[in-house]
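Chemist: Pulled these from TrEMBL:
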type: BINDING; residues: Asp102, Asp104, Asp159; note: Mg(2+) 2 binding site
type: DOMAIN; residues: 213-356; note: domain 'Poly(A) polymerase central'
type: TRANSMEM; residues: 228-247; note: transmembrane segment
type: REGION; residues: 526-582; note: region 'Disordered'
type: COMPBIAS; residues: 538-551; note: compositional bias 'Basic residues'
type: COMPBIAS; residues: 571-582; note: compositional bias 'Polar residues'
Amino acid sequence: MEGQQKRQWGVTSAISEAQPTAKELKLNDTLVDALKAENQFETPEGTKNRIGVLDHLQKVAEEFIRRAGKAKGLPASTYDNSGGKIYTFGSYALGAYNPTSDIDTLIVAPKHVYMDDFFAHFPPTFREMSEASEITEFIPVENTHVPIIKMKFRGVSIDLLFASLPTLSQIPKDLELTDKSLLRGMDDSAMRSVNGSRVVRELLTSVPHEKPFRIALRAVKLWSNRRGIYGAIYGFPGGIAWAIMVARICQLYPYACGATILTKFFNLMGKWHWPRPVMLKTIEAGSLNLRVWNPEVYPQDRAHLMPIITPAFPSMCATHNVMHTTKDIMLKEFKRAEELLNLIQDGKKGWPDLFSPSTFFTKDHKYYLSVIAASRASDGGKEHDAFAGLVTSKVRVIVKGIEDGDAGIDLARLYPHAFDRIHQCETEDQIDRIKQGSLDYLVKKDAVAADGKSLNGESAKKLHTIHTSTFYIGLTLPEVSEAKLDISFPVADFKRYVTTDPLYDEKDMSVCVVHTRNYDLPDDVFVEGDTRPQKPVREKKKKTNSKSAKRHFADTGLDDSELSAKRRQSENVNGLPTATPV
């Protein structure tokens, strides 16, 4: 209606309210086609299956809560009417999921059902109410900051969280979590779990139009994963942080199509005046004794380098793990993407160029740290999954320590994915070699023999199954420096965090950090089409006294791959064992 005041999306007015041009719409169509070619959209059959999985989880949730109440001796009138409800968050709730996406799910229960009840009663109830053939994975992880059950049901991966609402004795099916008074009395774990769903709801109501938001978000998630800059636990933005950034661009260009949102995203995020926060709405003042992000009050909030603030109360920084190193990497990637988008708009490049994988293993580094978490398998690898999760949560300590210290390294970059491997061997000496990074005893997952059997099924010496998860940290050294490389302190700090955790079992678990040259990287870190680094051919040179001469590895503290295998096994460099060549 003429004269009616237009809605302002977000904390500032829009930069442009222009409608998409024909050229922009055509570019948007090609982006959608490229995303479909990359398998970034779920099929109708897959979506129907996911809805069925969630319907089943709802029924199991209600039954497990009923059984938990009955086990406590509560009256039938109480436990039969306890209710219970599941909520989704993450990519599924945002509507930006693909066939391989998991479903982040939360069970909300009344006040008389606790976390212990969840782990005691949900697993048997779920198995009893489900076909065994449809459960291909079920891993309860109880002793973590946010307890979780990871499962795969009917082909869909599910991360299942739990929260008890201290203010409600019944959970009706129409309960919404928007009322912040529901947070009263919650512990930190439950509050974070509940806020996942609340953040998604607030985010979607903050976006002018969901369709272009979802197209742009799919593209940003694919791009950030391919470029190796995805994952809050690794010091990069996680899924919700990327979503908030895209949503903010949608607010600034409320009528733009997905391709235009994507173009403006790279341009504005690359030029953003960090640490000015990215926010979708004004932060609500603190209440209920819950801490709200406020850099004027809290020094730790003031230290955040790239603050992305969640829109639901209590507002938090979704990127508190970002370090100077990861920030610099992201800014370079924003610049690269913006340059490519300009070429794509001119028809000189295509969308596959934007989504091309990083060159982390093929070109970016000559030297790497291999962080190897190893454990003996006594339960099919379930304990190792929990242990690998612990190491995942701590491995950025090494990068942070190198960044903050005086290690003589220009850049330490963590690759945000672990490489999981299974090994089988017969002797303790062979186990030690596996812990040090040897792949001599690597077996395929579908060829793992039972403990106590040889690989052909015949009786033999006791066969040990070892699971490893390996992280790689790329190192960039100064071209000319007299400084001695020493990373012993950050590595020791990292190991201390891991080995003092209650989950760590010294008898069956180990964590080792070894040096690896780029030409010694194992085959499985490369994908089809990669050109793997080759060992350089040394030429005989006359001795020089120039200070700019390349330092010997003995001086730098990095492994000299020319050394003999025997010396590799016996020698430590700066407190770190050297990698066994593969």
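The first residue you see is number 1, and the count goes up from there.
Any Cβ shown, glycine's included, is placed from N, Cα and C.
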Chemist: Of all the binding-site residues here, Asp102, Asp104, Asp159, which one's CB has the most other CB atoms within 10 A?
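Modeler: Neighbour-count leader: Asp104.
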Chemist: For the domain 'Poly(A) polymerase central' (213-356), DSSP counts of helix, strand and coil?
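Modeler: Within the domain 'Poly(A) polymerase central' (213-356) the tally stands at 75 helix, 4 strand, 65 coil.
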Chemist: Looking only at the domain 'Poly(A) polymerase central' (213-356), what is the model's average confidence as pLDDT?
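Modeler: Per the prediction, mean pLDDT sits at 96 for the domain 'Poly(A) polymerase central' (213-356).
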Chemist: Setting Asp102, Asp104, Asp159 aside, what same-chain residues sit with their Cβ within 8 Å of the center of the Cβ atoms that define the Mg(2+) 2 site, listed in sequence order?
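Modeler: Along the chain, the qualifying residues are Gly90, Tyr92, Ile103, Thr105, Lys150, Ser157, Ile158, Leu160.
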